[in-house]
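Visitor: The domain 'EamA' annotation in TrEMBL covers 5-138, 162-290. Residues or ranges marked as transmembrane segment in TrEMBL: 32-54, 94-115, 121-137, 158-175, 187-205, 225-243.
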Amino acid sequence: MTALALFLVLTAAVLHATWNLAAKRVGSGLPFVFGVGVIMTVIYTPILIGMAVWRGEGLGLGPTELGVIAVSTVLKTGYALYLQRAYRSGDFSFIYPLVRGSAPLIATAGAVIFLGERPSSLGLMGGALIVVSIFFLSNGERLWQRSADPAAPRLGRALGNALIAGSFIASYTVWDRNAVGFHDVNPVVFDGLTNIGLTLLLAPFAWSRRTAVREIWRVNRREMLIMATLSPLAYVLVLTALSFTPVSYVAPAREFSILIGAYLGARVFREQRSARRLWCALGMVIGLIALAAT
């Protein structure tokens with residue numbers, strides 16, 4: 001892995017944890033996601049028009065590339081909505097590491113089940129460490145005592161929403177790697193069109209909740225602007241690194257954001273069980289490195 005690729009991925013990790021912190025502060029759901037999408041559309045539209053004019057032949061996208069972008073749009077919309085649901089039901093230092101750490105594990109499990117891949121012993125050990133870390137991160141012993149612990153149902157909902165969000169990440173990461181690596185779609189064009197597509201996809205639903213959208217903008221415009229600028233920037237940096245670096249190198253370095261998220265949850269939100277969550281986050285990072293090394 002080159003120094004440039006490492007710099008891009010680690011910078012993206014810091015930006016990713018930062019915009020997730022802003023999303024957690026709001027935790028509003030569809031109105032917030034749509035509002036952020038509108039800002040991204042305003043940012044990306046002149047950039048894409050300028051790129052099309054500069055190329056002199058449009059953006060160079062055929063039916064296949066547009067189809068790939070459409071699928072990615074649906075996956076990222078699902079991720080954004082379930083991430084907000086997860087943040088409404090759980091602590092940042094719990095949800096963020098869980099979402100980020102579960103995605104590679106889910107992707108590996110899918111490859112084993114559907115593609116017949118066989119991970120090495122090191123990969124299996126890494127996967128087991130991730131599972132154990134997730135168990136203790138989510139206070140698994142409380143989930144087994146649902147009837148005795150009144151907080152267990154809420155914890156279970158947070159866990160479920162986080163794992164669904166992680167599943168969407170696993171899906172669009174593999175899909176987007178194919179788009180950028182094999183279909184040779186420019187990372188900026190790809191991310192711009194998927195974010196514009198997300199906005200169009202949510203527009204009919206947002207219209208019926210337009211009062212809530214206006215209120216979110218009035219109260220939380222700073223957080224919306226942070227997410228709208230840092231989120232695409234972080235992902236474009238990752239896509240750029242993936243365009244000249246194997247995914248097996250990029251994936252583990254990217255998960256450095258797990259530790260950042262656990263630390264921010266402890267420092268910014270003063271959340272409970274911070275030390276335990278930091279250790280679990282570290283265990284997940286080690287497991288992810290082992291998983292990626294296979």
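Positions of Cβ are set from backbone N, Cα and C atoms, glycine also.
Bear in mind that TrEMBL entries carry predicted annotations, made automatically and left uncurated.
Help me picture these features in the structure, burial and contacts included.
Guide: Sequence-distant contacts of the transmembrane segment (32-54), counting only residues of its own chain at least 6 positions beyond either end whose CB sits under 8 Å from a CB of the stretch, comprise 23, 26, 77, 80-81, 84, 186, 188-189, 191-193, 195-196, 198-199, 202-203, 205-206, 213, 216-217, 220, 224-225, 227-229, 231-232.
Sequence-distant contacts of the transmembrane segment (121-137) (same chain, at least 6 residues past either end, Cβ-Cβ under 8 Å): 94, 97-98, 101-102, 104-105, 108-109, 276-277, 280-281, 283-284, 286-294.
Same-chain residues lying 6 or more positions outside the transmembrane segment (158-175) and placing a CB less than 8 Å from one of its CB atoms are 68, 71-72, 75-76, 78-79, 82-83, 85-86, 89-90, 94-95, 98-107, 110, 138, 143, 251.
Helix first, then strand, then coil: DSSP counts for the domain 'EamA' (162-290) stand at 113 helix, 0 strand, 16 coil.
Counting only same-chain residues 6+ beyond the ends of the transmembrane segment (187-205), those with a CB under 8 A from a CB of the stretch are 30, 33-34, 37-38, 40-41, 44-45, 47-48, 51, 59, 61, 69-70, 72-74, 76-77, 80, 176, 179-180, 232, 235-236, 239-240, 243.
Counting same-chain residues at least six beyond the ends of the transmembrane segment (225-243), those with a Cβ under 8 angstroms from any Cβ of the stretch are 5, 8-9, 11-13, 15-16, 18-19, 22-23, 36, 39-40, 43-44, 176-177, 180-181, 187-188, 190-192, 195, 250, 254.
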Visitor: Tell me, roughly as an integer, the mean pLDDT over the domain 'EamA' (162-290).
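Guide: The predicted confidence over the domain 'EamA' (162-290), as a mean pLDDT, is 83.
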